[in-house]
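A.B. asks: I'd like to ask some things about the structure below.
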């Protein structure tokens, strides 16, 4: 039994679920929910990280660094080359590939189910409102898979390609490179309904690279907490800049702005510096300063970029082990968009 407590609207709630720890798969069939009478202390950001750590601790992943060393020695280099070529054409792809890894792992585990196309009888994860139209980078995975199939047919899983591509995107964007344990296999099920209920909300993500649609934060500019006014915690100059980019009477739902305007394509600690200046784009970003412990982490990350990069890399490795399929479970898709 795994129990996790999460802060929701100022109150703690306890989520309990049964885990099959003897399997390489993480099984979460149902949740038991109950309110806990505790004093709020942690922010939801910290509990998202806690969930990742707890799940990865109990998963017998059977992953290993250098998994393709003998079967397809050039696998990781081929993926990195495709990522590099794509980022040269469009820097925003890097953030898209990191986000893809997150959205894949939090639904059915890191099994590449987010890559599967919808059919006439099933709406897949990628077409859930959580992912469509915001999720991007699918063509990079397609290109990497095609290149790998030409030299190592049927060897490298789509799930591992997604994990490699996320790592390469972080490194190419100025973050710390890290070893990716691999050996994942691909899932056969992809449901939009599960993406809606299991994906982490875009409002509780912390972002250093990438962009956001104006519709995701415009309430802070024009109707904060239903008051028809601006969020008082938002830096006035920054708010004025955002209002120019995202006009209240705008009719274009595709308008986007960088989430870290000072260095939108660089994986650095500018995000934390912005928070300290009340320039966090989302309410959830600025909320990090409302608790002494998370505020301390914001300050630490802002002052010690090297430590942040190291911690971020370690967190990505842990997340990449959530609910993986290994050994004889799942399959190795020939086409990442279609189940074999």
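The count begins at 1 with the first shown residue.
Even glycines carry a Cβ here, placed using N, Cα and C.
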A.B. asks: Ranges 43-63, 64-84, 85-105: which does TrEMBL label transmembrane segment?
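C.D. replies: Residues 43-63 are the ones TrEMBL records as transmembrane segment.
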A.B. asks: Distance between residue 111 (Ca(2+) 1 binding site) and residue 99 (site 'Transition state stabilizer') at the Cα atoms, whole Å?
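C.D. replies: Each residue's Cα considered, residue 111 (Ca(2+) 1 binding site) and residue 99 (site 'Transition state stabilizer') end up 15 Å apart.
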A.B. asks: Let's check the environment of residue 107 (Ca(2+) 1 binding site): how many other CB atoms sit within 10 Å of its CB?
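C.D. replies: If we count other Cβ atoms within 10 Å of residue 107 (Ca(2+) 1 binding site), we arrive at 29.
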A.B. asks: Cα-Cα separation of residue 109 (Ca(2+) 1 binding site) and residue 99 (site 'Transition state stabilizer'), in Å?
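C.D. replies: Distance (Cα to Cα, whole Å): 14 Å.
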